[in-house]
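For reference, the structure discussed in these notes is given below.
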């Protein structure tokens, strides 16, 4: 009888393992291949070799780019070098990147590990850059003031909070006010890995201000990119391993009400919003298995999608760019300025396409 029970339990365990493995492979799009979609006039950006995980373009065409991310379980081509924030002027004929110098006595440049970024422009046209940082595998938000003449960032403040343990992306709604995604619930690496494998949809979105911090929405299978509509009325959140983008209505008290969700056949990462049209531009991973289990002989591909009229009953989704990794590996973000497209990656290069 004991042997029978043991065999039964082993059988159940194997069945659950197979089910979870199948679910894991489905969530990661493990068997998806890329059908190429090419764009004319595209070139790799010189000076970016170790990632361009997130980017944000100001209305004047200056683009901030976070580079050099070290993320647990993800490839890094410069694991021993600190990350940096790059600046690129898209008004130039052949734009190049410049590393922004960081000033401020309380900032540790040697442990800088930038992830998601967002800007906020005050009424006096002061530009603040908020950066998700992972010093020593922790999560903070670094607040900088952009000093355009000096081509530098003045570090103003480091923000830490117990509800910001696993930050991924951020969207600023004030100099020290933001929405942010936590892509995991657990902090301990072993538990994080099981959370990912088992598909525990426990990640969540937080609103932060100096006066209050609260969880607004939870139940995500890897909450990732977050952004806001040009009129400030809607917040967009990408759920990486569920292949969804969620639309929430934002209220005066900063709470969010779910409005709709869109499903995709790719892993949606960071979301950029065209300030003119309101279109969403999303960097995507067609096959997430290739991101989490990197093989230089079979690298992760890249996809960029554009979503028009997302608030209508029939949004238009266009696959703008797709590539199998021979040019661009692991696209995470895409943004446009006057018809020009800039595409970033988690650990690889960046692509710039002109109309």
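Cβ atoms are placed via backbone N, Cα and C, with glycine included.
Automatic prediction, not curation, is the source of TrEMBL annotations.
Feature annotation from TrEMBL assigns active site, proton acceptor to 115.
TrEMBL lists 53, 168, 224, 269, 270 with the feature Ca(2+) 1 binding site. Note: residue 168 (Ca(2+) 1 binding site) has non-local neighbours 115, 116, 132, 180, 181, 182, 183, 223, 224, 225, i.e. same-chain residues 6+ apart with C-beta under 8 A of its own C-beta.
Neighbour list (residue 117 (Ca(2+) 2 binding site), Cβ cut-off 8 Å, at least 6 residues apart, same chain): 54, 55, 56, 64, 66, 85, 129, 130, 131, 132, 170. Here TrEMBL flags 54, 117, 169 as Ca(2+) 2 binding site.
Cβ contacts within 10 Å of residue 42 (disulfide bond), excluding its own Cβ and spanning all protein chains shown: 16. The disulfide bond annotation in TrEMBL covers 42-353.
Non-local neighbourhood of residue 253 (N-linked glycosylation site): empty, since no residue in the same chain at least six residues away has a C-beta under 8 Å from its C-beta. Look at TrEMBL and you will find 253 (among others) tagged as N-linked glycosylation site.
Non-local neighbourhood of residue 270 (Ca(2+) 1 binding site): 53, 54, 116, 169, 224, 225, 238, 282, 283, 332, 333, 344, each in the same chain, at least six residues away, with C-beta under 8 Å from its C-beta. TrEMBL lists 270 (among others) with the feature N-linked glycosylation site.
The C-beta environment of residue 324 (N-linked glycosylation site), restricted to residues of the same chain at least 6 apart in sequence and closer than 8 Å, consists of 33, 34, 36, 301. Positions annotated as N-linked glycosylation site by TrEMBL: 324 (among others).
Summarising the annotation, TrEMBL assigns signal peptide to 1-15.
All protein chains considered, the CB of residue 53 (Ca(2+) 1 binding site) has 32 other CB atoms within 10 Å.
Shown in sequence order, 53, 55, 56, 66, 115, 116, 118, 131, 132, 170, 225, 270, 333 are the same-chain residues outside 54, 117, 169 whose Cβ sits within 8 Å of the Cβ centre of the Ca(2+) 2 site.
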